[in-house]
Every structure is written in C-alpha cells, then in structure tokens.
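> I'd like to ask some things about the structure below.
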C-alpha cells in the first residue's frame, strides 16, 4: 500500500516538474521573441515619423477616423509655417515682391490669430494662397536654413487647394508629415517576422533627455536617428549649436555608454531626400570645415557616415549598422526595417549559440 502511494506521489512530482519546465520554456521562447527597441536622436531627426511608419507597415495603418483627428494638426502646421516664413522676412530684410501683399499679410495674421487653431477658414485660405505665391515669400522660404521651419512647410503650403476642401480628410502621407513635439516616452507595439516589438520613442530636445534612463534596462537594440539635412541648421533650443554636431555628441555618448556595451546600434541617416536637394546649394563645409570632398550626395553622405561610425570606441565588440533613410517614404522604411529585423534575429541566434 505504502509503495503504491509513493509511486503516485512520484508521478505527481514528475508531472509538476514537467509543467514547470514547460512553463519556463514557454517563458524563455516568449522572452526571446520580444524585442525592445529604443528610438533615440536629437530633436526633429524623424523619430516620430518612424513610429508612425511602423503603424502603417506592421499594423492596420491610420483609420479614416484617426486621419480625421489629424486634420487640426495639418491646418495648424500649415498656418504656423506660413507665419514663420513671413516673420523671417523682417529679419532677413526681404520685401514682398508685390507691395500690396503687406496689407494681405496683416489681414492674414489678424484672421489667423483670432481663428480657432486647427480650423482653416475660406477667407484665411484665400490670403494664404496670395502670400505663398509672392516672390518675396518664396525667397524667404528658400532661406529657411537661417531660421527654424518645419520640414513639412513646403509640402502643406503647396497642397493648400487640396487641404482647404470642405470634405478634406488627411492622407497617410499627410499624417506622416505632421509635426507635434514629442514629450515623455511613447511606447508602440507591433509584430514582424515572428518577433514582438516594443518601440520606445523618447523626446529628442535636450530638456527631455533625462527621462531616457527609464528605458535602458533590457533593450535589445537602439535605433539612432540623425537628420542628414541638419548639417547647416542650428538647434531649436540652442541657436549657437549646429544640429549635426549636436547629433554627433549625442551619438558618442550613447554608442560608448556603459549601459549599451552589449546593445546593437542601428544608425538611421534620415531625411536623405532633403539632404540630396540641399547639398547642391549648401556646402558640407558649413558643418565640417575640414571636408575637402565634392558636394555630391554620395560623397557627402559617406563622409557623414564615417564621422558617426568612427566614434565607436569598441569596434572589435560592437558593430554599427548604418542605413540611409527617408522616414516619409513608406517603401524605403519597410525595406530598411526588414534588414534591421534580420540583424536582430541573427544576433538573437548568436546569443543562444545557433549562429
């Protein structure tokens, strides 16, 4: 009798042990398939646009209702951009090509200030179209590197006829180009190639950086965004500091940090489309006086790439995976993120000895 009881207890113990093993294995597999990505970079480097692309590429995208919610942001971005361009004319000593536009500008500011932000009234649109067509305004816009202007300004102002329609609903591209400063930490979840991603987007402005520490533990990889087009611009929060130099300093501190000794670093040299246009008229020596190469896209972009990759002090241990990106181009981001996912899978297999 005692032998039978003992055998039953042994079976129960063995079954309990198997259940624990199964639970541990399942937890291990779940942990192995969970990827934490920290999205870092200086302000206005395109991080939030990358997050929006993940929703478009790996989720259901933006529903019609969600797009409608962005209408106010599109209107606000468009109106504010034109205000900034016209205000800059005074500082740049640029006159309106048509003197009558001075009064139109005054009317525009009066109407825009009185109107509810995020509403585009027909009378404001009419004034905006006249101002945007003015040669002086276009001259000020062409010199936007000399002041702070959203990258999306030209895109929205050139689309005034479309976005002013009464039944206007922002497109996915319109949503991608909206600009709202990120404060705090935005967490986004999505799946790709059997991996479950948690993407953390943190505020890029200097005042936000002290909050990053909460995301550090257990991060699989860092995506560091740099605006290639920022080489001839200064920071919004410090007009003495060149944006590219600030990005280099920040990358140096992240790449060589004790927190990230084992962490893969993926470098997105972003806004390649803006850089390709800008490098034709604005030399790289503005940022790097020692540069002796040509002001062509390939040579200038490679030089910037080298400047970042050379900051890596652990080349024997840590590889920097660099990609040229255009965050507003969904196909480009999809292609690049596929490559990023493959790197993460390879590194995961290495860690468990299968690669």
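Cβ atoms here come from the backbone N, Cα and C positions, even for glycine.
I grabbed these lines from Swiss-Prot:
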type: LIPID; residues: 2; note: N-myristoyl glycine
type: LIPID; residues: 3; note: S-palmitoyl cysteine
type: DOMAIN; residues: 33-355; note: domain 'G-alpha'
type: REGION; residues: 36-49; note: region 'G1 motif'
type: BINDING; residues: 48, 182; note: Mg(2+) binding site
type: REGION; residues: 174-182; note: region 'G2 motif'
type: REGION; residues: 197-206; note: region 'G3 motif'
type: REGION; residues: 266-273; note: region 'G4 motif'
type: REGION; residues: 325-330; note: region 'G5 motif'
> Just counting, how many other CB atoms are there within 10 A of the CB of residue 182 (Mg(2+) binding site)?
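For residue 182 (Mg(2+) binding site), the 10 Å Cβ neighbour count is 18.
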> Taking the Cβ of residue 48 (Mg(2+) binding site) as reference, which residues of that chain separated by at least 6 in sequence fall under 8 Å from it?
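Non-local contacts for residue 48 (Mg(2+) binding site): 180, 182, 186, 201.
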> Look up residue 182 (Mg(2+) binding site) in the DSSP assignment and report helix, strand or coil.
coil
